[in-house]
Every structure is written in structure tokens, then in C-alpha cells.
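**Student:** The heme c 1 binding site annotation in TrEMBL covers A:Cys43, A:Cys46, A:His47. The heme c 3 binding site feature in TrEMBL is assigned to A:Cys311, A:Cys314, A:His315. The annotation compositional bias 'Polar residues' is assigned in TrEMBL to A:390-399. Annotation comment: TrEMBL describes A:401-410 as compositional bias 'Basic and acidic residues'. What TrEMBL records for A:19-132, A:174-282, A:298-388 is domain 'Cytochrome c'. The annotation region 'Disordered' is assigned in TrEMBL to A:390-410.
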Amino acid sequence: MKTTLSLCAGLLALSLGTANAASGGDSYNLVQKGRYLATLGDCTACHTQPGKPLFAGGVSIDTPFGKLVGANITPDPETGIGGWSFEDFQNVMSKGHAPGDKRLYGAMPYTAYTKVSREDNQAIWAYLQTVQPVHNPVETNLLPFPFNLRSSLIAWNLLNFEEGEFKPDAKKSEQWNRGAYLVQGLGHCGTCHTPKSLTGGDKNDAFLAGADLQGWVAPNITADPHAGIGAWSVEEIVQYLKTGANRFDIASGPMAEAVEHSTQHWKDEDLMAVAVYLKDDPRTDWPKPVEPLAADSPAMVAGKAIYADRCSACHVGSGEGIAHLFPKLAKAPLVNAADTASLIRVVLAGSRAGGTEAAPTAPAMPSFAWNLSDENIADVLTYVRNSWGNSASPVSSAEVTDLRDSLNER
Amino acid sequence: MTDKSKGFTRRQILVSSAASLAVGAAASAKAATVAGTPGWIPFDHNGPMHYDTPGWQFFTAEEAREVEAIVERLIPADDLSVSGKDAGCAVFIDRQLAGEYGTFARLYREGPFTPGTPAQADQSPLVPQERYRIGLAALGKYCQAQFQKPFSGLEGEQRDKVLTDLEKGAITLEGIDAQFFFQQVLGNTMEGFFADPIYGGNRDMVSWKMIGFPGARYDYRDYIALHNQKLDLVPLSIIGSSAWNKKG
């Protein structure tokens, strides 16, 4: 009886909340739409700690400038956004301005969210009103001086921010435009995958060309056939985002989280739109790949022996891997990336791939830090980066030493 | 025929419900449910921890000296290989005894302990650590009584005679059966000589090079098509391979 009563009370509160949020119209559908849009935007990545209440904040975000913490975005009036109006929320999404003339840092990807339509923001706002309010004070700004001064963001915005909703390209299909809207806007793919300038802004002429991500690399996802995902078909891109794995690759590290929390829940037609957009890249003058190292150079010879003895069991002697289980290394964008952080990292520390509803196995790579020296790791990666159609700069043992030290400090 | 296919017989029902009861009981006694992605820790590995740790982990210095004197005669240095001592067999046995094997930590160890037939294998109440501690002390006592020297103080031929007598049961040891002790040491010595060097023996893969074993390899998919060719594979240990070193 008690349960039933409180359940009724809860439902009542819920319906009151949604009724308030939606200014007329079908509030249920609006909230459901907002819930889906919040999943597209992966709000949870920065605003929900694992095992803690939804959107109560507290997720620590490492940036090259210091540490920021995801805010409490539950409707709690004191510590969340319970005191905000829709216009306040719209300003955050489109301008990076929070109430009280507070400028947000780019870690909150308003540089991408500015593309989100006002209509979609209304749905997200309606959904956020239905979330359980949680009293959880969060100090979001843990940056060191002078970056902790929010006034510096006025100048930052002048350099790095262009406000404005997404404008469809009339020359392209509706599907392409939907993909562009999602990639550039809520999906905020560029937040990780676009290289950053010295001030941490997106280098938009190199949109999605891969970037360093604090000990990981967000690989190049342009249509570049050598360094990007030009060799992937539309269906293979969809499969990767839906299941975390395709015949080329398996998501691990931060992308595993993005797939688990977000992209596996996207509608197929949205994933298809994203893939169509990513494949249709106006840039064609892709940089020429470097010449691969000679197979008889000392590092290549040693690396080949290490690969045969330690890697080939799973990744196969030809670097082809096993589809959906062990990533393919031949012609893989990450393997050919200029930045080697992710490669070195998975060999040192091992890695756990993402598990999705469609592909729940989540295969893991073992750690080799105890068994391979820095020079061994440098040589085997140099071999992998210059075999089977791959060509990329050699890896030095100093790079491995540096990453080993920094990972051990964490 | 048609009668049977209509449903269960009484016997079938009895048998199947007994079986499902048994399954149910077993499942509830020790069931672990894994939901979502199994746990995973960066930098995790479960390799042996002390193969390269200096010093003896179980033996006293005196015991170690005696074990080395034994394995040196069980596998003597000849034109095929170095001795069991130089191959690290005593180190292997020491690490083995310091680990779970030494106390049979993973075996059922409740009694009763009664002598069985040879086909029933090891029925001893002693765990390997005790076998060595008691056996080495008893062997020392025997050698002192017979030769006024420890085993390690004997000449090569004298040592071989003592070992042969142990093997034949011509010697009585205090607290442990002589043949049983001999077989224990012989077995562990062979394990040490042929096991992966990561466990302390088979130093530099000496036994593998001797017999042409290419080492701990995952598979030979890449070699299947290479018919009638000498592969000359460099032996590979869990620790690594000399082929990994850069030349030039």
C-alpha cells in the first residue's frame, strides 16, 4: 500500500514537472524527444559519475590547461539548474553564457552545441526538468591561474567561437544535412577528433583530422583513405557506432564510453546520416603518406620478431586481426596516426574494448608493461606502423618511457 | 510409439526432476553472476612474481647447497648441456616450493591418508615443503653417519651411489620413504630443466636449444605452408627472445 501511494505521488510529481516544462503541446512526446537528444549529446559523459545519480555532476575532465568538473544539471534549485529558465539554458547551449554573466569553458562543447536548433533545445530542457533533483554542490573550475579567470574567455570566444544554429546546405540531401547537424552539433565529434590550437580552440580547417586527448588519441575520422576512415563503407561506420566494432576496429578508451553511453542508442537512420556525411568530404587533397621504413632496418627486424611472438596470436601475422574481436592493424587510421599515444598506451597498460547490447563481449588486450622493455615496445610499434600497407613515423623508446612514467603517476 | 511421444513417463519425470533439483542446488551453492562488462584493471598481469628475485625463497643456504649437489648429479654437465645446477633447477624448485605448490594450497588435503596402490598415486600426508625439509635433513644425517660429510661433500661417484640407493630403496631415511623422496626430487628437477625460464630453471632455454624445441609459441599458422624448409626458429620464453634485441 505504501509503495503504491508513493508511486502515485511520484507519478503526480513527474506529470506536474513535465506539464510545467512544456509550454502546452504534447509534453510526453517532448520529454521523450529530449531524452533521446540528451543521449545523442552524451550529456552523461561529463555530468554523471559512474554509479551516481543521473546528471548530478562531479565528473573530472582533464584538459591541457588543468582540471574542470562537470556541473550538476539536475533541477535542484541550489546546486543544480533548478532556478534557470529555458532562455538561460538556450544561452548556455548557443553562447556558452550561464546565468550571472558566467562564461563557460570550451570543455562544455557550446562551440558545437551552438548549432543545435532552438526547438531541439526546448525538448532537452523539457527532459531535464523530469530528472530527479539531486543536492550535490560541484566546484566546476579547478583550473590554475590565470586560466581560472573566466574573463579570459571573452578573448577566447573571439578567437575560437562562432555562434549560430546549423544552416542546412540546400545542395545536399536531407540525410546529409541531418548527418552534418548531428556531427557538428549535438554529437560534438569535433570536441575530441578535431585538432586544437594553442588556446585549445578547434582548428576547423582540420575538422575531424584527429587530436591528442590526454594520453589517448582521438583518431582522424575524415575521409582521408590513409590516415582517416576513407576505406570504411557507410554500413561499416554505422556498425562501428552501433556495436563498438566492425571489421577494422574496436572502440576502446574514451570512444568505448561514447559508444556505450551514446552511439549504440542512436537510431539507425541517424547513424546512417552521420556515415553519409562523414564519407562525403569536400577535401580531396589529403596529405601524401610518408614512405614506409625499409623492412631490413634494425628496428623493423626486431619489431617483426616481437610482433610474431607477442602480437600475432590475436592480431594475425598479416595484421588483419579477427573481425569484431581483435582489431585489424593493417591500414588502420589509429595505427597510421602521427600521434602514437593510444598505440603505446594499449601495449603498456592493455585495454578493454566497449561492450554494447549488440556486441557484449568487450574483448580485452593484456598489459605488456611487465614483459616488454620501452625499446621492445618502440620497435614493435615501428614495425606495425610500417607493415601491410601502413606507413608512419617510427616510435622512439623515449616516447614509451614518457608515457609509462605519466601513466604510472596517475 | 505414439503413447511415448505424448508425454513423459513416470520414470522420466522422476529422473528429470531429480536432475533439475541437483542442478538447482549446485547453482545456488556457488553461483556468481556477472552482469555487463567484466572487471578490468590497467597494467594487470598475473606472471610469476619472483623468478628474478635474488636469494633463496624457501630453502636455507644449507638446504640449497644440498639440492644443488643433487641436481648436479641427476643432470650432469656433458657435451649435450650444462648441469642441472647450472641450468637453475635448484632455483626453480625453490620458487616452486615458495609458491602454492609448496603447500599444495590448491589440492584437497583432508584425510584419511592411507598407503594406496601405485595406480592411486601420491597418498602422502606431507606437502612438498615438508618432503624437502624432512628428506634433506634425513639425507644429511645418513651421509654424516656413513661418510662423516654432508651429501654435497661427497665425490661425484659417491653421490651417484647414494642417489642410486635412494632410488632403489636400499637406504632408509628418517621420517620419509627414500624412494618417494628420490622421485619427488627427480620429478621437480626435470620440471625445472624443461619448464619456461620465467620460473627460474632452464636458464637461457638451455634444454630447449638442446632438443630443438622452439618455445612457448601460440601457434604455427604462418609456417603451415612452408614445406621441407628448415625454420631455425629462435626459442621463445615467456620472458622474451634473443631475436627481440636490435642488431646494429
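Using the three backbone atoms N, Cα and C, a Cβ is placed for every residue, glycine included.
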**Student:** Fewest other CB within 10 angstroms, which one of the binding-site residues A:Cys43, A:Cys314?
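**Tutor:** If we count Cβ atoms within 10 Å for the binding-site residues A:Cys43, A:Cys314, the smallest count is at A:Cys314.
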**Student:** Any residues 6+ beyond the ends of the compositional bias 'Basic and acidic residues' (A:401-410) with a Cβ under 8 Å from its own?
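**Tutor:** Distal contacts: 215, 341, 344-345, 348-349, 369, 374.
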**Student:** Using only C-alpha positions, which one of A:Cys43, A:Cys46, A:His47 is spatially nearest A:Cys311 (heme c 3 binding site)? These are the binding-site residues in the record.
**Tutor:** A:Cys46
**Student:** Expressed to the nearest Å, what is the distance separating A:His47 (heme c 1 binding site) and A:His315 (heme c 3 binding site) at their Cα atoms?
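**Tutor:** Counting only the Cα atoms, the answer is 36 Å.
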**Student:** Counting across all protein chains shown, how many other Cβ atoms sit within 10 Å of the Cβ of A:His315 (heme c 3 binding site)?
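**Tutor:** Neighbour count, Cβ to Cβ under the 10 Å cut-off: 20.
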**Student:** Report the residues of the chain - excluding A:Cys43, A:Cys46, A:His47 - with C-beta within 8 Å of the mean position of the site's C-beta atoms, for the recorded heme c 1 site, in sequence order.
**Tutor:** A:Asp42, A:Thr44, A:Ala45, A:Thr48, A:Phe55, A:Gly57, A:Val59, A:Gly70, A:Ile73
**Student:** Which residue counts does DSSP yield for the domain 'Cytochrome c' (A:298-388) in the helix, strand and coil classes, in that order?
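**Tutor:** The breakdown for the domain 'Cytochrome c' (A:298-388) reads 42 helix, 7 strand, 42 coil.
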**Student:** Give me the mean pLDDT over the domain 'Cytochrome c' (A:298-388), rounded to a whole number.
**Tutor:** 92
**Student:** For the compositional bias 'Basic and acidic residues' (A:401-410), what does DSSP give as the number of helix, strand and coil residues?
**Tutor:** 9 helix, 0 strand, 1 coil
**Student:** Around the heme c 3 site formed by A:Cys311, A:Cys314, A:His315, which additional residues qualify by having Cβ within 8 Å of the site's Cβ center?
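**Tutor:** In sequence order, the nearby non-listed residues are A:Tyr307, A:Arg310, A:Ser312, A:Ala313, A:Val316, A:Gly321, A:Phe326, A:Leu329.
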**Student:** Determine how many residues of the compositional bias 'Polar residues' (A:390-399) DSSP places in helix, in strand and in coil.
**Tutor:** 3 helix, 0 strand, 7 coil
**Student:** Quick one: pull the CA-CA distance for A:His315 (heme c 3 binding site) versus A:Cys43 (heme c 1 binding site), whole Å only.
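**Tutor:** Cα-Cα, rounded: 35 Å.
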**Student:** How many whole Å apart are the CA atoms of A:Cys314 (heme c 3 binding site) and A:Cys43 (heme c 1 binding site)?
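**Tutor:** With the alpha carbons as reference points, the distance is 35 Å.
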**Student:** Sort out the sequence-distant neighbours of A:Cys46 (heme c 1 binding site) for me: same chain, 6+ apart, CB within less than 8 Å of its CB, listed by position.
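**Tutor:** Those within reach of A:Cys46 (heme c 1 binding site), by Cβ under 8 Å and sequence separation of 6 or more, are A:Val59, A:Ile61, A:Gly70, A:Ala107, A:Met108.
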